[in-house]
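Undergrad: Structure incoming, see below.
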Amino acid sequence: MTELDQFWPACLARLEAELSSQQFNTWIKPLTAEAGDEGIALFAPNRFIMQFIKDRFLPRIEELAVELVGELPVELRLGAPTARPAAPVAGNSQPKAKEPAKAAASAPAAPSPAKQAAVKAIGGSHESTRLNPSFTFDTLVTGKGNQLARAAAMQIAENPGDQAYNPLFVYGGVGLGKTHLIQAIGNHVFQKNPQAKIRYIHAERYVADIMRAYQHKAFDEFKRYYHSLDLLLIDDIQFFAGKNRTQEEFFYAFNALIEGGKQVIMTCDSYPKQIEGMEERLISRFSWGLTVEIQPPELEMRVAILMKKAEADSIKLEHNVAFFIAQNVRSNVRELEGALKRVVAYARFTSQNITLELVKEALKDILAAGNRQVTVDAIQKTVAEYYKIKLSDMHSKKRSRDIARPRQVAMALAKELTQLSLPNIGDAFGGRDHTTVLHACKTITEMRASDADIAHDYEALLSMLRN
């Protein structure tokens, strides 16, 4: 093995140690390398990843090249190596999958006449995807809250069955666009290959279908169908909790699809290890591929969502009006779009144009609820109870991590949920300087993107304080 051949495995090992598992699996792992006479070529599977690598990681890769083998030109290309693939990344506990099967799988055997009703009960036509055609990547507004999830989704849509992203587990609060995101994958795959066998299904419907299949003695057909899919998208998988028979059947379906190189995508309202009533063997498998979070949209993204929705529905919406709605409806995309629908309906019923005054009247109950501001005292008390520390620790000078981290979380929550300035927030935390508050907010924002536990804690506290 030449020095160039040894470079990429060594570089991968260094990057894996430096980056979070999400960053490494999403951006670095899909790359392949080919050593040439004068340097090394890195191949990205699509333009989106190639551009992201160029902007964020290529300088570090070039630094490692100099450090590991001396002066080494590194070239970034689109596609795949013509010679041999890069060395595999060690440490993946997932069983080796077969090569991703082409989506044009043969159709399952037709049910016997005696079981036609049962087949209909378990999902209707086998050709039906149950995808909403309006849920596409083009109609999905992207912001900091869903940037990583969208990037992973686009990669999967281009290369379904890729072991690094299989399964994809998307989690986050209610109404944040998880369903839109995973259906965008399904629609993209179907557009590329209409022969692909795709099924989108809500977890509750899957449970009901299993029960019907047993009642109608049609379980063989049910099993044959789900085991033969190219792409399975299951929404709100937390509904499997406590349903042992459903979990057992899904376990076998999951294994059959993954081992066949087929893609499985799931959404949930919480991180896999936080799901109560779910078998450990399933929770373990949920983490085989990539787990990504969707966070509540920031202000700029909320404005963009409103403007895009208004444009799609041919509604004249001024930017200042959208900004006002976005400022006052912060929880999730569903409530944001619901507020816009209420404004539009009010304008039509009263035959008025959509103005700031009309919005204030149409949303007066929402605005009244929003005006009941969360206080810093309430934030400190809630965070202290959540992390099981003393309330006085919020004001103390203690700097141990088990005290400092909850205090930083509380500062970040105070910045998001109150109208206080940074100096005022600092005063409420034992007279700290505004730069300390700013540092705390920045730290927590970065950790929410890289640490699943911190992200989960923050969202849980947000929900508790808002409700």
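Just so you know, glycine gets a Cβ as well, placed from its N, Cα and C.
Quick paste of what Swiss-Prot says about this protein:
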BINDING   G175, G177, K178, T179  ATP binding site
COMPBIAS  102-121  compositional bias 'Low complexity'
REGION    1-79  region 'Domain I, interacts with DnaA modulators'
REGION    79-129  region 'Domain II'
REGION    84-126  region 'Disordered'
REGION    130-347  region 'Domain III, AAA+ region'
REGION    348-467  region 'Domain IV, binds dsDNA'
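Please go over these features one by one and say how buried each is and what sits next to it.
TA: The secondary structure of K178 (ATP binding site), as reduced to three states from DSSP, is helical. Cβ neighbours within 10 Å of K178 (ATP binding site), excluding its own Cβ and spanning all shown chains: 24.
Using DSSP to sort the residues of the region 'Domain IV, binds dsDNA' (348-467) gives these counts of helix, strand and coil: 89 helix, 0 strand, 31 coil.
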Undergrad: Tell me which residues of the chain lie with their Cβ under 8 angstroms from that of G177 (ATP binding site), as long as they are six or more apart in sequence?
TA: L140, N146, I294, V333
Undergrad: Would you list the other residues of this chain near ATP - those whose C-beta lies within 8 angstroms of the C-beta centroid of G175, G177, K178, T179 - in sequence order?
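TA: My list of surrounding residues reads G172, V174, L176, H180, L181, T267, I294, N332, V333, R334.
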Undergrad: Who sits close to G175 (ATP binding site): which same-chain residues at least 6 apart have their Cβ under 8 Å from its Cβ?
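TA: Long-range Cβ contacts: S331, N332, V333, R334, E335.
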Undergrad: For the region 'Domain I, interacts with DnaA modulators' (1-79), jot down how many residues DSSP puts in helix, in strand and in coil.
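TA: The region 'Domain I, interacts with DnaA modulators' (1-79) comes out at 46 helix, 14 strand, 19 coil.
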